[in-house]
Amino acid sequence: MSLATYTGVLDLTAGAFLLAAVLIVWRRELRSIVHLLAWQGVALAAIPLTEGLYEGNPGPVIVGLVVLVLRAGVLPVLLLRAVGTADAERRESTPLVNTTSSLLITAALTMLAYAVTRPIIALDQAAATRAVPAAFAVILIALFVMVSRRRALSQAVGFLMLDNGITATAFLITGGVPLIVELGASMDVLFAVFVLGLLTGHMRRAFGGTDLDQLRELRD
Amino acid sequence: MSYLLLVPILAPLVAAGLAALLGWRRLTAYVTLAAAFAVLLSGAILVHRVESGAVFAVGHLLRADSLTVTMLLVMGTVGTLATWASVGYIDAELRDGHTDRAGAHLYAVLLPLFLAAMALAVVANNIGVMWVAIEATTVATAFLVGHRRTRAAFEAAWKYVVICSVGIALALLGTVLLYFVSLHAGASSAHALDIDTLLNNAAQLDPDVTRLAAGLLLLGYGAKAGLVPFHTWLADAHSQAPAPVSALMSGVLLSVAFASLLRVKSVVDLTLGTGFLRAGLLVVGLLTVLIAASLLVVQTDFKRMLAYSSMENMGLVAIAAAAGTKLAIAALLLHVLAHGIGKSLVFLAAGQLQAAHDSTAISAVTGVLTRSRLVGVAFAVGLAVLIGLPPFAMFASELSIARALAGANLGWVLGATLLLLTIAFASLVRNGSRMLLGPPQPDAPTIALPGTVAAAMVTGIILSLALGLSAGPLTALFQSAATQLGASS
């Protein structure tokens, strides 16, 4: 793979990664949000795969395959199983911020990501590092999704998107954190999603829904 | 001897494995107690070994210095009290129908797993592994918080997992950025996140990216330590968790998370100077104390009252860390230990009061001292520790923190903190005296007190008194920790 191809593929991947986040902000159907999250997982896995193939190094390729199975397979399936069967459950309820404003905020957050990541790019001019604003934008968009969505499942999606953004940052600027940390972090995320899935099920049985507006028993 | 560092992780893991096989039984409950005591013992044996510097084990994977040992002692002491009290507490919950065999089984497995994760967080040499361990505590405690399976318990568990996971994710991003600058400072990828490597290379780290990383790490570990702005999970989780778990979360988990922050601070201060994190810790600490004090004033629920008292104390600890002198850091560590024991006492007492009244409303509970001598005394002593009355240790630690703030030219911080602490003090005294001394209602239920909970309470009262009268060899340990963390004199 030539340098130009490598850079091109990497930029395309980072673009697709960010695009998936923007589409998640745009869409309201819970099922399609989860599908988009799976596509984002594919784009995420493509980063170490591309790096591994370019450098002829099997390590990142293996990590990429593990990420592909986990982020594009296991985690979205876990989430899909948590999506309620009742029709009313399948859509995000009335959002706190309407779609137009959400997309404008997303654009602003993407610009903010470019500003925040300037010291990182100043330290390292590599092609991969220059794509890091896309990963930071996804992190900021994920935080926005978490504060503006009212369904338990959308929040879980926001959390996974946040984690995708952090993992992408690690791949882009350092070629991935040491294996022991990567494995530990993946296990933690898997368990956290598992716990959230179980809690969603319990809450649905206890309250008959997963609208977080109903979570108002505990407050001061 | 280096294998001693494995004991605090392996002993609770063995207990968890046994509990997974056998379920909730006397045997598994006491093995968990023995595991918690093993954590305490390994900490006690290590006290003198770490005086002259950090010791390593299992290659460079584990590392212990005086801060590690201090945290092991806190964890061992509170863990012993909490696991001891768990025996009678869970038996009573089973009898009253608040939980079933499956729930007790889950409790028996998750409690030692929680201990193992916290132990790994303090003995890990790699700050990435430290992060994994801290996040693992969230996963392990989620179902401990939701143990009662009520609507409120699930709500608390959900908020806890979501808010803490998001907060701690920011710390992961900070860790990734530290890894990036550490690689650029010439570290090998296998050791770039090791605490000793980071400390050695701190001067070569890129300051701009380190600043970004430090801010994220402060927010992230601050979330787990109950600091602003991700503090909103704390009162819900602490008030819904079973009493022994509340004691561990409040007395140990918050300070373990804060110890991670102290680790990060020791590296970042070498790169950026003390100014950057001092400013951050001051803002976060003062806001946390402000919010805790305001919510203490209007509080009508005694478990939430205790939770906000934890926030108040963690805010104070953050302010002490901002002062950053040897005096301040040593006082902070004494504060953390005394707070852990005092909080165990009040939470264990609160658990018995909740069981008797089936309510956590302050207005529902009066005249505890005349109705149950031991529960009343435990609650009173714990409260006296927490509000910093002499002869208890937090009187000494708060005095030292005040002196350190004055010495670090932070007089305005001292003034603001004292004002807020006074407000919190008044609220705790008002509510506490009402619960303890108010005229008992004629139809007040009897307060049951299982033998193991009583034993844990008596031990806690003795320890509080002993620590207040003399910190003994611990004083040297705390000072050694402050020196090893690079505190200025």
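Cβ coordinates are placed from backbone N, Cα and C, and glycine is handled just like the others.
All annotation found in TrEMBL is predicted automatically rather than curated by experts.
What TrEMBL says about this one:
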type: TRANSMEM; residues: A:6-26; note: transmembrane segment
type: TRANSMEM; residues: A:33-50; note: transmembrane segment
type: TRANSMEM; residues: A:62-84; note: transmembrane segment
type: TRANSMEM; residues: A:96-115; note: transmembrane segment
type: TRANSMEM; residues: A:127-145; note: transmembrane segment
type: TRANSMEM; residues: A:152-173; note: transmembrane segment
type: TRANSMEM; residues: A:179-199; note: transmembrane segment
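Only sequence-distant pairs (6 or more apart) were considered; of these, fewer than three Cβ pairs between the transmembrane segment (A:96-115) and the transmembrane segment (A:33-50) are under 8 A, so the stretches are not in contact. Proximity of distant same-chain residues to the transmembrane segment (A:127-145), defined by a Cβ-Cβ separation under 8 Å and at least 6 residues beyond the stretch ends, is recorded for 3, 6-7, 10-11, 13-15, 17-18, 21-22, 24-25, 40, 47, 51, 102, 105-106, 109-110, 112-114, 116-117, 120-121, 154-155, 157-159, 161-162, 164-166, 168-169, 171-173, 175.
Contact between the transmembrane segment (A:33-50) and the transmembrane segment (A:179-199) is not supported: fewer than 3 Cβ pairs lie under 8 Å, counting only residues 6 or more apart in sequence. Within its own chain, the transmembrane segment (A:179-199) is flanked in space by residues 63, 66, 70, 74-75, 78-79, 81-82, 152, 156, 159-160, 163, 167, 170, which lie at least six positions past its ends and keep a Cβ under 8 Å from the stretch. Residues of the same chain lying 6 or more positions beyond the ends of the transmembrane segment (A:6-26) and with a Cβ under 8 Å from any Cβ of it are 33, 36-37, 39-40, 43-44, 46-47, 50-51, 54, 99, 102-103, 106, 110, 127-128, 131, 134-135, 137-138, 141-142, 144-145, 157, 161, 164-165, 168, 172. Below 8 angstroms of C-beta separation, residues 30-31, 34-35, 37-42, 44-49, 52, 90, 153, 156-157, 160, 164, 167, 176, 179, 182, 186, 189-190, 193-194, 196-197, 200-201, 204, 209-210 of the same chain, each at least six residues beyond the ends of the transmembrane segment (A:62-84), sit close to that stretch.
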